[in-house]
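Asks: Just passing along the structure, written as structure tokens.
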Amino acid sequence: MAGGFGFRSKRLTPGGPPRSGIKSSAASLRRDPRRPLCSQAAVARFRLSQARRPLITQGPPGRGLPSRVRGGTRRRRPSGSKGKDMLKKSVKIGDSELSIEVGRLAKQADGAVVVRYGDTMLLVTAVSAREKKDVDFLPLTVEYQEKLYSAGRIPGSYFKREGRLTEKETLASRLVDRSCRPLFPDGYAYETQIIASVVSAEPENEGDIHGITGASAALWVSDIPFNGPIAGIRVGRVDGKFVANPTLKQREQSDIDLVMAVSREAIVMVEGGAEEVSEADMVAALEFGKQAVQPALDIQDELRRELGKTVRSYEKLASIDEGLKAKVRELAWDGIVKGYGIKEKAARYESLGKAKKEAIAKLKEQLGDAYTPAVEKHAKQVVEDLKYEHMRQLTVDGGRIGARGHAEVRSITCEVGVLPRTHGSAVFTRGETQALVVTTLGTSEDEQRLELLGGMVFKRFMLHYNFPPFSVNETKPLRGPGRREVGHGALAERALRNMAPKSDSFPYTIRVVSDILESNGSSSMASVCGGTLALMDAGVPIKAPVAGIAMGLVKEGDKVAILSDILGDEDHLGDMDFKVCGTSKGITSIQMDIKITGLTTEIMSRALEQARQGRIHILGEMLKTMAEPRKEISQYAPRITTIQIRPEYIKNVIGPGGKVIKDIIARTGAAINIEDSGRVDIASANSDSVKSAIAMIQALTREAEIGKIYTGTVRKIAEFGAFVELFPGTDGLIHISELSDKRVKSVSDVLKEGDEVLVKVVSIDKTGKIRLSRKEAMAERAAAQQQQQTPPPGDGAPSATQPDAKA
């Protein structure tokens, strides 16, 4: 199946040089590989400069001299020796060995490990500041980067060095962040940074999951407080059997692509895609992954035990006076209870804000001079704690914000075709969350080109998610997409990608854009639902409609409440954000973020079943608006027609330096893309342009057929015959004996260069050489004319001569 994060599809396989298809624009024509990178003159100048360079340069004795001059023997590179703190532990997971080494590289970092799986290696470091920041959250940053040197490649940018994180690196950074963040102790507010660098890349084994294991190991062998260890694993299913850490080839055959972070007790993080897999199979995959990765936890514990690391002391959040807590509870509790009884988000926030403000004002009046900025800060924190307490108790007792049932989905409205000049559009509204989703169709020239470790890859299905500040009634400067937007877009893209048609049957590049117009929870799932409708409105023949739902969890002691279609408050104050997308048959995408130490498989199984019920309900509402894709694409979308030519004729269509294809594009206005396989895509909004381009290409790629008569042009005269061009790029020979049924002394007596001549294809040998005959063509033409002039039996009047179709 397609890769879990959108950078690989069955047509999108990394590896090797960029695809050499010929594009319709001049800028996209590839350099001729036979052309030397530099001239012979430049090579000669370089060699001359080397010859003039002295063997030994002047300088202090023993410095700057070749080794053979300094000591007579070449100095050996230090082989490296193990220090007393250098440790390495290995274990086999899947088909390869996983090793974690500490004490050899980056020894000044608080924690540093080298993780190796096959020939893929990562250097992962963890550093945490010694001074606490004046914040009430964990200032954690995670950077996952893939060094192109790890795959023996030089960056293709102008500066020839890595720049900002790519989309793939951003998504991998989020995987590590989401896995580790819940496991730091409460109140740890020290700036912490994890950097995972891929330094050796094996094409068959990606580094993202090992970044999770490496981050945990780097923290675990340091003195940074961390409630680990955890380990990352990818789970696939090939031929009905689960596979731990499948190779790239296995992932292409797999119907599940699941990334997990696992602790001793539970599953910490989940991200992945599937091809309409059932909930039971997904639970089985989760359980398989949990058990398969346990040995990676064992070797982390062994490293920590042998290193003898202890946790550093750190300043925890200042405790709040119990008397102050009681006073604030007395002043604010009734207002909080009243606020959470309001259904509408804006009114609820206004009521809660008012309750907080009034409680602080009364507290200030009661305390008088004892009221200080520190007291105010603690009082505001108590109000937030009370909101957290009330919402959670309300939920586990069977209630919910807005008085919904735990499995109840908010009201849904759907519209399609809302933007007249776009190719497909939809507005999906669920409660107070609304998404405007637009689909645009393009040609292969519009594919996204990504420079990854395996080389250049091409992406024909894209979904971009935008979250403007007005959607939550805020003001912020508009910038490029942040990590959250990239992650939400990837989740929605993965949900829809496997349902998109293959390029063989629908040769369009597809871009879906989701603009969130208002948000109160589940905006990424609204993007999935709106994306389905926009695709169908654009006439994209998707395999099945897809819907998404966000599930929540509140766990207090032994009480567990699972919520469907969570609100923003339920996400913020709850313990889990579990997003599930799929069709009526099964799951296509899944993502889980948690704030507690882990979830059991049994809880996840219950959440998946409740999500399935909600998904079926949402699909039913969507299909009331549009039950199937439109039969025709938009009149404003390009029309793409695909034809096949023999690969050896590609050069005829391109011409020297692209001259021929540029001429066809200029004369027809169509965009043309030619693949190495001989597949030709011709695109234009005007159907006449497509037809004209097809006719011109077919004229350039016609093949001679034995027994057929053609009108050709004499290109060269020889003593033994004449060479005749049947059509561009195809020549044949008329031997002198085949010029006429009479004896011919000289070819030039019958034909001259530039003459048009009627010929018949007599034979084509194994090498493709064509033998022609003029005398047979003339004989057949004469017989055909005679037959046309002879009246049918019983008909006294001769028939009019009909035009000859072979002329």
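Numbering starts at 1 and runs along the chain as displayed.
Just so you know, glycine gets a Cβ as well, placed from its N, Cα and C.
Dumping what TrEMBL says about this protein:
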- 1-36: region 'Disordered' (REGION)
- 49-88: region 'Disordered' (REGION)
- D571, D577: Mg(2+) binding site (BINDING)
- 707-775: domain 'S1 motif' (DOMAIN)
- 775-807: region 'Disordered' (REGION)
- 780-789: compositional bias 'Low complexity' (COMPBIAS)
Asks: So for D571 (Mg(2+) binding site), how many other CB atoms are inside 10 Å of its CB?
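Replies: Step by step: centre on the Cβ of D571 (Mg(2+) binding site), count other Cβ atoms within 10 Å, giving 18.
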Asks: Within the domain 'S1 motif' (707-775), what mean pLDDT does the predicted structure show?
Replies: 89
Asks: Using DSSP, what's the helix, strand and coil tally for the domain 'S1 motif' (707-775)?
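Replies: Helix (H, G, I), strand (E, B), coil: 8 helix, 36 strand, 25 coil.
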Asks: Which residues does D577 (Mg(2+) binding site) neighbour through Cβ under 8 Å, counting only same-chain ones at least six apart?
Replies: A550, M551, G552, I566, D571, M592, D593, I594
Asks: According to DSSP, which kind of secondary structure is D577 (Mg(2+) binding site) found in, if we only use helix, strand and coil?
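Replies: In three-state terms, D577 (Mg(2+) binding site) counts as strand.
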Asks: What does DSSP assign D571 (Mg(2+) binding site), in three states?
Replies: helix
